[in-house]
Ligand SMILES: *Cc1c(COP(=O)(O)O)cnc(C)c1O
């Protein structure tokens, strides 16, 4: 029997950091705020973002171009402020990370360097359920090299087997660290090592991993990685993304696409015809960074830095286990691995009408989940701001909408106790 009062008790003992965020009002149901379980799609706005963004607007108003050097946080070296917190977030050395562009753009810039098909070694291994953008990106990279994407991109649900099978024909392994659809956390160190044994380059898309699970990219020897900042990193729609290049590739002779931000900062205004790239991930930058978009990333990374991934991961495991324990008795199918070591905070449910269910959850219950057609609904209790009560509301709403007989029993138990509490 699962009870609303129990959720409230758990929240009192394990409160998280909801007060630092703006939670949207509910459109339906019995509570003023939404139970927001879509932080895997777009994280909520930290309260501190508005003030810090206004500071940059004020600096621009007050200083104009002089803000590059004289703003409280000068714009010229602004991206350097983000380097260390981003590095700590993904387990990298500071020189291995850079915040720039958007995710798919970064994947392309990195593949320019790290996808170098040669002779029979041309294949790109991706997961069967690759996010469409990643799929289009690798296919277009194959085509860019004059290869047939259908013959070059290998889609698999068993990357280790695919690496074994194709061996020295694999040029690049590019996988999601946490799969966007199923929420499965991949064995990043194991697959990276297997790819390297086959002589391939191994890159990771960490869109659903950064800020969700602990990462040690440097130690794992990952060649390159990229992630977005608007999902678990709460930096706003379309926020500036991150990139990682292992230090062993710094200053190497792989080709890169360059611009004036690819050269050593001290040489940037020499306006010399030939760049002198730094021996760091900064060499992959192209343009001067969008300060108004970087500001929320800085604010958000500071939160992660202050609270720390170990504490967030621990609370994440507790919240997600709790949500799973509420869903089990409803009898709804959870496709995400049960083992906490093989998942982040997201649970993906297989249901008959995913779109219909997520609409009902929102409009009838004030629960924000999201759906991936045709049959997956994703629920992500985010350790920074989600609560046990959010999980309880989601489970109660799902029981109400799809639970059938089990759901009615479940709901009756929760309801009567809640009314008595
Ligand atoms: C969210 C997501 C993207 C989005 O790409 P953008 O370039 O940020 O628009 C790409 N790949 C994966 C795996 C994602 O989860």
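Every residue, even glycine, has its Cβ placed from backbone N, Cα and C.
As annotated by TrEMBL, pyridoxal 5'-phosphate binding site applies to 103, 104, 131, 132, 133, 134, 205, 208, 230, 260, 288. DSSP gives residue 205 (pyridoxal 5'-phosphate binding site) a strand state. The Cβ of residue 205 (pyridoxal 5'-phosphate binding site) lies under 8 Å from the Cβ of 103, 107, 131, 134, 174, 175, 176, 177, 225, 226, 227, each of these being in the same chain and 6 or more residues away along the sequence.
In sequence order, 39, 40, 41, 42, 43, 207, 208, 210, 211, 212 make up the list of same-chain residues 6 or more apart from residue 231 (N6-(pyridoxal phosphate)lysine) whose Cβ falls under 8 Å from its Cβ. The DSSP secondary structure for residue 231 (N6-(pyridoxal phosphate)lysine) is coil. The N6-(pyridoxal phosphate)lysine annotation in TrEMBL covers 231.
Largest Cα-to-Cα span within the pyridoxal 5'-phosphate-binding set 103, 104, 131, 132, 133, 134, 205, 208, 230, 260, 288: 31 Å. Of all Cβ atoms in the protein chains displayed, 15 besides its own lie within 10 Å of the Cβ of residue 133 (pyridoxal 5'-phosphate binding site).
Listed binding-site residues: 131, 230. The one with the lowest count of other Cβ atoms within 10 Å of its Cβ is 131. Around the Cβ of residue 288 (pyridoxal 5'-phosphate binding site), the same chain contributes 260, 261, each under 8 angstroms and 6 or more positions distant in sequence.
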